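Here is what TrEMBL records for this protein:
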- 30-169: domain 'EamA' (DOMAIN)
- 195-330: domain 'EamA' (DOMAIN)
- 29-46: transmembrane segment (TRANSMEM)
- 66-84: transmembrane segment (TRANSMEM)
- 100-122: transmembrane segment (TRANSMEM)
- 128-147: transmembrane segment (TRANSMEM)
- 154-174: transmembrane segment (TRANSMEM)
- 194-217: transmembrane segment (TRANSMEM)
- 229-252: transmembrane segment (TRANSMEM)
- 258-276: transmembrane segment (TRANSMEM)
- 288-307: transmembrane segment (TRANSMEM)
- 313-332: transmembrane segment (TRANSMEM)
Amino acid sequence: MSSQESENLSFIQTYYQGSQVQKHFNKNYGLYCIILGELCTSWMLVATKLLEQDTDFEEPISPTQILFVRMLGTYIGCLIYMYFKHVEDSPWGPPGKIRFILIARGISGYFGVLGIYIPLVYLAVSDVISLSFLAPTCTSIMAYIVLREKFSKFEGIGGLVSLIGVLLIAKPTFLFGNNHTDNNVETSDPSDRLFAVMFSLVGVICYAMTFTIIRFIGDRVNPVVTVSYYASVTVVLSFLTILISPSLSFQWPHTLKQYFLLILIAVTGFFMQYLFTTGLQLEKASRAASMTYIQIVFGIIWEVLIWNHLPNIWSWLGILIILGSSISIFWYKNHIDDEYHKLPDEEEHVTEIQIPLQQLDRK
């Protein structure tokens, strides 16, 4: 083989490999957005817990106030982005019924995120994250009912198995007796743990509603407009909650650490929402939601590095059960059906939403 032929062959192989990588990236772009969004989520949760534990406040800062600050920053970021990028139909979105759907997305998102922030007061970050792994099963059920997406018996069994993991994390006294835990990271009070777990389950249901609504909206609305609705509705609801509740009041930061953590929460919250919304619009709801399992890796890493804390044996078992169920469901669905289908008795067929990468910034 001549040197010229070798060079041509090398060029073809390089081009082929490059095109294969590009095809893989294009096909899984939504999943990569979800993964980056989960990394931002882990930073946000760690900053939230550090603020909730900060003893420099006269009274402990409430999760509702943290949520207010985070979403205020997110909303401002959305407005700036929409202004400079000239986003279509901003800031209110397309006229018509879709705006009411966007408001519903904001309300469900508000209660969904409260189902994370409030349990963080009582549970370790890894426990809170692992409980959120129930969202894929709830999403699949809701998407089956509302969007007519397929829901298999395997997914149902996986969801039931996950409930065993929830029980191990909750550690009710009638099964485990009194537990001794690291009070700097999680509460040792069984009633507080039960309250936190139950509130987390409410959040899971609300997040499943959010996943389904975003999937229903599809590419009819720019992701940033969707995030701006979520942020603005949450700002209003959290402000009213603080205003009405006699036990809540605004706590102003007075140290550089507190300001830094609040800014970090606002910034990561914005990028998390944008990446997550974009990923959900590009991927099937249950497939995208199943990628949240990677968040447990981030959570445990931060717990070890910041609090020098590892989950106890029961929490490990609960995490592994929920994680294993989520991964099994994800790979099962990915193997059986990588395309979007209606139920067999439906006459209409809805194809997977695909947004070209070069159009993402213009949408």
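Every residue number used here counts from 1 along the chain in the order it is shown.
From the backbone N, Cα and C atoms, a Cβ is placed for every residue, glycine too.
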Task: Between the transmembrane segment (258-276) and the stretches 29-46, 100-122, 128-147, work out which stretch tops the count of Cβ pairs under 8 Å.
output: 29-46
Message: Quick check: do the transmembrane segment (194-217) and the transmembrane segment (100-122) share at least 3 Cβ pairs under 8 Å, counting only pairs 6+ apart in sequence?
response: yes
- prompt: To what whole number does the mean pLDDT across the domain 'EamA' (195-330) round?
  reply: 82
- request: Residue list, the transmembrane segment (128-147) vs rest of chain: Cβ under 8 Å, 6 or more residues beyond ends.
  value: 42, 45, 116, 119-120, 155-156, 158-159, 162, 165-166, 169, 197, 200-201, 203-205, 207-209, 211-212, 215-216, 285-286, 289-290, 292-293, 295-296, 298-299, 315, 318-319, 322-323, 325-326, 329-330
